[in-house]
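Database features, via Swiss-Prot:
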{"type": "DOMAIN", "residues": "3-167", "note": "domain 'EngA-type G 1'"}
{"type": "BINDING", "residues": "9-16, 56-60, 119-122", "note": "GTP 1 binding site"}
{"type": "DOMAIN", "residues": "178-351", "note": "domain 'EngA-type G 2'"}
{"type": "BINDING", "residues": "184-191, 231-235, 296-299", "note": "GTP 2 binding site"}
{"type": "DOMAIN", "residues": "352-436", "note": "domain 'KH-like'"}
Amino acid sequence: MTAVIALVGRPNVGKSTFFNRLTRTREALVADLPGLTRDRHYGTAQFEGRQYLVVDTGGFEPEEREGLVAAMAAQTRLAITEADAICFLVDAKEGLSTQDAEIAQELRRGGKPIYLVVNKMDAKGAVSELPEFYRLGLGTPYTISAAHGHGVEPLLEAIFSDLPTSEDDTADAARKGPRIAMLGRPNVGKSTLVNTMLGEKRVLVFDEPGTTRDSIRIPYERQGKPYVMIDTAGMRRRARVGEGLEKLSVLKTLSALREADVVLLVLDARLGIAEQDAHLVGVAVELGRPIVVVVNKWDGMTPEERKAVKQELERRLDFIRYAPVYTISALHGTGVGDLYKSIDQLWIDSRRHFSTAELNRALADVIETHQPPMVGGRRIKLRYCHQGGENPITLVFHGNQLTRLPGTYKRYLESAFRRALHLEAVPLRLVFRQGENPYDPQPKNGRQH
């Protein structure tokens with residue numbers, strides 16, 4: 001799984017600055033998802049080729065004699081229990097405080113790797129305060145300037161030298177077959193489905209609402225084919241959790257989704273689709289992961305109830321109408337075997353490579369059927385297409401006035417290329433680049449407009 005590094009410390013010690021320093025060169029994992037991208041307290045970063053997630057837990061502010069009892073918000077508790085490493089930031093300019101000592105005591109109880117980070121070492125008079133921090137009992141401090149980047153690289157080297165790499169047996173197995181992320185709210189039958197798909201009775205869990213844990217990766221074989229199951233903790237109802245728990249749950253979900261080749265979204269037919277379900281789908285879509293919608297507990301429902309569920313699926317999940325939908329009973333195994341047909345096909349399709357010639361033949365047919373619209377008296381030109389990546393399959397279009405291409409025509413392109421390339425069930429990512437075809441031998445002044 002992608003490592004999670006939590007930034008902990010009292011207010012105004014520079015956590016946000018350090019967060020920005022770590023994440024400055026990386027785009028957010030999710031684009032345009034309300035409640036996610038606007039939350040600037042988490043992000044993705046990279047160090048020496050290893051991607052990781054970083055979360056700013058906010059500041060501790062113990063209140064009078066209650067100490068950390070009141071100040072330890074859900075987000076910070078989750079940082080301690082779910083992070084792989086904790087960077088405990090203190091302020092070299094202000095020196096050691098009572099709050100620092102209280103935080104250090106609480107962090108030690110968590111048993112996670114703690115890196116004491118003395119920030120603002122570039123401040124005047126900071127060096128004279130450094131010896132104080134040894135009294136926290138957390139070993140030799142790492143001195144940095146989050147604002148200017150001094151000392152950050154040695155700190156990250158220390159953290160990642162202690163963290164295990166993901167290149168283990170599970171990763172080796174995953175390269176031979178699909179990695180399946182099992183997502184869903186608690187009590188929808190997710191763990192029962194995992195057990196049924198694995199073909200054995202085993203406890204995977206701690207799946208009760210409110211319980212938090214790391215995702216579990218389970219390599220296994222079915223009919224001679226290798227798979228890896230990534231079982232994540234279920235998403236919680238917002239009313240039952242604090243902001244921080246929701247945040248860390250999202251982090252773990254993002255981590256699982258980054259690793260997955262195929263995502264199974266498990267729904268309870270009797271509970272319908274909650275906001276968290278649609279939210280999970282949105283995350284998977286933004287990451288470009290193929291999705292299979294699995295409607296569990298289908299047995300025992302009346303025809304009228306089944307019709308209502310199908311209508312709700314069409315309405316709430318309209319933006320992934322390409323995704324296959326299966327109705328199953330995880331408890332009795334009904335329909336579970338059919339899931340593998342889609343899993344295997346989606347894994348193959350999402351990794352396909354198309355030649356540039358094939359894509360441009362398809363583009364010519366698509367344009368002949370329906371030309372781009374006229375804008376300002378000139379027709380938008382789609383001149384050239386090539387593949388820019390896989391999982392998700394990314395198609396890069398070059399042409400003129402592409403910034404003015406309407407959304408309706410972009411949707412037409414997506415559906416038309418799905419049909420032409422026989423990619424009906426996997427996400428397609430379309431990228432539009434303004435300019436000339438770099439592979440066209442004709443000079444620019446020989447263009448026909």
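Glycine residues also receive a Cβ, built from the backbone N, Cα and C atoms like all the rest.
Across the fold, the C-alpha of M121 (GTP 1 binding site) and the C-alpha of N187 (GTP 2 binding site) stand 49 Å from each other. K15 (GTP 1 binding site) carries a helical DSSP state (H, G or I). Cα separation, G184 (GTP 2 binding site) to G9 (GTP 1 binding site), rounded: 32 Å. The C-beta environment of W298 (GTP 2 binding site), restricted to residues of the same chain at least 6 apart in sequence and closer than 8 Å, consists of A269, R306, T327, I328, S329, T334, G335. According to DSSP, K190 (GTP 2 binding site) is assigned to a helical segment. A count of other CB atoms within 10 A of each Cβ picks out T57 as the most crowded of the binding-site residues T57, N187. The number of other CB atoms found within 10 A of the CB of G184 (GTP 2 binding site), across every protein chain shown, is 24.
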